[in-house]
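Novice: Let me give you the structure first, and then I'll get to my questions.
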Amino acid sequence: MEIGGRGLIISLICFLFKFSTAIEIPLSVQQVPTIIKQSKVQVAFPFDEYFQIECEAKGNPEPTFMWTKDDKTFDLSDSRIIVSNNSGTFKIPNEGHISHFQGKYRCFASNKLGVAMSEEIEFIVPNVPKFPKEKIDPLEVEEGDPIVLPCNPPKGLPPLHIYWMNIELEHIEQDERVYMSQKGDLYFANVEEKDSRNDYCCFAAFPRLRTIVQKMPMKLTVNSSNSIKQRKPRLLLPPSESGSASSVTILKGDTLLLECFAEGLPTPQVDWNKIGGDLPKGRETKENYGKTLKIENVSYRDRGNYRCTANNFLGSTSHDFHVVVEEPPRWTKKPQSGVYSTGSSGILLCEAEGEPEPTLKWRVNGSPIDKNPFAGDVVSPTEISFTNLQPNHTAVYQCEASNVHGTILANANIDVVDVRPLIQTEDEENYATVVGYSAFLHCEYFASPEAIVSWQKVDEAKPLEGRRYHIHENGTLQINKTTEDDAGSYSCWVENAKGKTAVTANLDIRNATKLQVSPKNPRVPKLHTLELHCESKCDPYLKHSLKLSWSKNGEGFEINATEDGRIIIDGPNLTISNVTSEDQGIYSCSAQTALDSVADVTHVTILDVPDPPENLHLSERQNRSVRLTWDAGNDHNSRISEYIVEFEGNKEEPGRWEELTRVQGKETTALLSLAPYVRYQFRVIAVNEVGRSQPSQPSDHHETPPAAPDKNPQNIRVQASQPKEMIIKWEPLKSMEQNGPGLEYRVTWKPQGAPVEWEEETVTNHTLRVMTPTVYAPYDVQVQAVNHLGSGPEPQSVILYSGEDYPDTAPVIHGVDVINSTLVKVSWSTIPKDRVHGHLKGYQINWWKTKSLLDGRTHPKEVNILRFSGQRNYGMVPSLDAFSEFHLTVLAYNSKGAGPESEPYIFQTPEGVPEQPAFLKIIKVDKDTATLTWGLPKKLNGNLTGYLLQYQIINDTYELGELNDINITTPSKPSWRLSNLNSTTKYKFYLRACTSKGCGKPITEEGSTLGEGKYAGLYDDISTQGWFIGLMCAIALLTLILLTVCFVKRNRGGKYSVKEKEDLHPDPEVQSVKDETFGEYSDSDEKPLKGSLRSLNRDMQATESADSLVQYGEGDHGLFSEDGSFIGAYAGSKEKGSVESNGSSTATFPLRA
């Protein structure tokens, strides 16, 4: 990767080529030709435009080329071919004369030092396959006879695929009775009537030629027969002329296909075996209903005799195949090219294997070696040795190995060269690595004779020594476990007998990349979300090349290419939703930079509920117990904490499973305590930290014998709706508690403590009605369970009471003490215990308002009720209306209900203070005055004596000034005019209603006075509102109409009255004198914006502002600018001051200066 200057070569782990005699010679050095590219078998497909036969070679001097075709010189000057420049490659255009060029070609590349030759290149010109035109006679056979329909496909370029179909291109069905051979013939072991048809067609497909040809249809007629003779098998494949055995030759590595087909009735079955051995497992298959034996990738151990046997119940027949495995030549020792210096010695080896054994031939410069020997060469079939080599010994040797299955050729260059070292690595190359990694500084060179390579640091001028340094045979310097001190410039020196040369390399050391995956080894429940984070840190110079990737168990993730987007990779983050057990594994985050790579892993464990326990087994069966044993299921990475044993056997709820016991997770057995008279079945549920498993399969049944009850009913209680009645109830025994058939309940009772006999009654349900002689009398009651096998344990007595009656007397009211205008205390006498006729639950006060003392108006009777529990003789009645008259009664009540009421007691409440006024508004303003109006309180609570009006100055921080009081002694007057106010000042007003008892809670209002010249700010907000713009347009239109009318009247001689002129052109001084008319706007003229405050220079309805501000502003104040104009909606600030307020509204009233 080039970064700057002459380039920074990034080296990681390099593949190092060892220096040997097979070294690459630079093209600047004279050398023999070497063929570097050549064609293989070339097929002239009819749909191609041209056919290219390639031969390219390198050498110094540059090679020239010649060709042979079928071992004869081929003329490259033929006008029908196109020859490429500077190579031996030529093209044959597809122009109709292609067959003339069919043959085997060989390329020769030569210069003054030698001749290299290519392997044979076969050029095949395939013919277009066609079935011959022929008339096919119809075939007629008897039912049950064999028949063969021949295909005889034409020859063509392999592969060949054969199909039998009808004229509708539907495949002829093949089965055990019908079979198509490898040659394409269709065999019938015995024909049936359904085989009759006149359109049997054989199709031959040549896919490489894109050609399918069809044979003429054949007609087959099957005559039905009443006497079809069965017969033993007879082989049709291999044909009878092959005898009982035949030989098959197959090349090593190919696929062996052996086929047998026999006719007979019933249809014979075919079996295969290898004589004296076994068929190769894993490589052999039987196809076509056993008629074909297929062995893939044949090896020498597959040689031998194979036998197919066809049989039916009438007999059998067989055929033996002698399989011979052969092989084309292949190199075992291929001759290697070499570079030699003058006077040196060498040897060429050439050995090949194959079946039959290959024949070896030596050539030199393309000619047989015996026709062009070199002095001193010693030639044998498998090697050539030479000594005291001289430059004129430079040549190309060829070794050719051949047998009946093919020929292989190898060229070996012998270059005798003497030259000073040539360093092929550029000078001043830049390299980089990271701390702790190995650095590789290259110094590739060519030298003959052999050279010595040494490295040194430029600033040290001495060869590098130490275990960390290693110089490879190709000149590369390897520095292991690099540190920051290794950075700097290095020199590579190469020296041989002909001279020496050097280059310089520069090394930079970077910081190693660090990586950490979190969380470490997480345990994630199934269907939860897994989130992994990969934190990385790398050298700033490497950050641009940093790439992060995730993998699981060594297989990388494709970014966001998973099903339904369940797995999302976002840079360093990996998120997997709805994890399953398949998501468990080792997750790795890898960081790759241009210089290093590092990875960190975390093991993700997916937790799930356990698998159900298995193999439930019952043992140690007893009347009241049994031992249950089971095998634990897979815990899915979370230890089983406990097992839940459930049972089914409740006769009342069959199929309902109930928990019986729990067992620690380390146990897999439990001794179960059982109840009598139950047919048990058990199942087990495993529990871990994730949850519960599915229940196991149920165990066998275990039935316990019946027994007497072990317990009596619980929760014995009484229910009575009539006096003296006692309905005794209890919780019935559950099915699992009955212990046997015939369950009944024996109920006994007697008056508590009375020395009398117990009364008794036995019932089958769980209730009994008993009538007693007295009301609300205590009784001792017992209930015992009984079944056919006996009684339950001795029952315990419980005390129950007979039915209650209503109380029959009323309390007497002693008096009503008035505490204040809304609260009174009532006292009464309790009723005797014998008049309660049950359990006293308490006393009840009923009261109702009869009239208001303010206006004397009578109120309809609306009774209020207040109950006091227990035995008591007084109670407090709150929330009464002040200055009113009330009636009040008291009664006692028990569990049955309420007794009679006492005589009504009449009392009156005194006056109280009024509620706050309904509203407070500032309706008229002037320079130093303001007129306020208000509404009466909803409840006066007495005779209204007047009002207390208070006001004070407030500033922008809501700090309050001195409070001024005004007593208004005329309660009928709902308004007041304040004077001597300051202009451009904010005020807060408080108004209280008063009676003789005092004044109530205040209602408040705020506003600001405006001086002259400050009106414009009031309208800044509304000037951009749509309704305001519309209003202005309407006013402009009306003004235009008015001017038009005036102009018409003036033209008609009409005159204006003084009053009209005065109204149209008011005098400013006169206007200022007019009282409280400035800023009055009718509510019908203009509506305020929803949610905004209305300025006090508008005439607002009395309740509108107060209601809206209380409802939405919760008493908070609006925001105004320093000059008093509105600048915001409701604010969250609270009032500051000591005056109590329950409701307020905020507005601005501009006062003219």
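Each position is counted from 1, following the chain as shown.
The backbone N, Cα and C atoms fix where each Cβ goes, glycine too.
Annotation source TrEMBL lists domain 'Ig-like' at 33-122, 126-221, 233-326, 329-415, 421-508, 513-605. Feature annotation from TrEMBL assigns domain 'Fibronectin type-III' to 612-707, 712-805, 807-912, 916-1013. Among the features that TrEMBL reports, region 'Disordered' is placed at 691-715, 1059-1097, 1134-1153. The annotation transmembrane segment is assigned in TrEMBL to 1027-1048. The compositional bias 'Polar residues' annotation in TrEMBL covers 1139-1153.
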Novice: Six or more residues beyond either end and a Cβ under 8 Å away: which residues meet both conditions relative to the region 'Disordered' (691-715)?
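Specialist: Sequence-distant neighbours of the region 'Disordered' (691-715): 609-614, 616-618, 621, 623-624, 626, 628, 630, 633, 644, 646, 648, 657, 674-685, 730-733, 737-741, 743, 745, 766, 783-793, 795-796.
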Novice: Is it the case that the domain 'Ig-like' (233-326) and the domain 'Ig-like' (126-221) touch, counting contact as three or more CB pairs under 8 Å in which the residues of each pair are 6 or more positions apart?
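Specialist: Output yes: the domain 'Ig-like' (233-326) sits against the domain 'Ig-like' (126-221).
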Novice: So, does the domain 'Fibronectin type-III' (807-912) come close enough to the domain 'Ig-like' (329-415) to give 3+ Cβ pairs below 8 Å, pairs being at least 6 apart in sequence?
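Specialist: Counting Cβ pairs under 8 Å, fewer than 3, so no.
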Novice: For the domain 'Fibronectin type-III' (612-707), would you mind checking the mean pLDDT of the predicted model?
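Specialist: Over the domain 'Fibronectin type-III' (612-707), the predicted model scores a mean pLDDT of 93.
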Novice: As a quick check of your reading of DSSP, tell me how many residues in the region 'Disordered' (691-715) are helical, how many are strand and how many are coil.
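Specialist: Counting residues per DSSP class in the region 'Disordered' (691-715), I get 0 helix, 5 strand, 20 coil.
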Novice: Would you mind splitting the domain 'Ig-like' (513-605) into helix, strand and coil residue counts from DSSP?
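Specialist: Helix/strand/coil tally for the domain 'Ig-like' (513-605): 12 helix, 49 strand, 32 coil.
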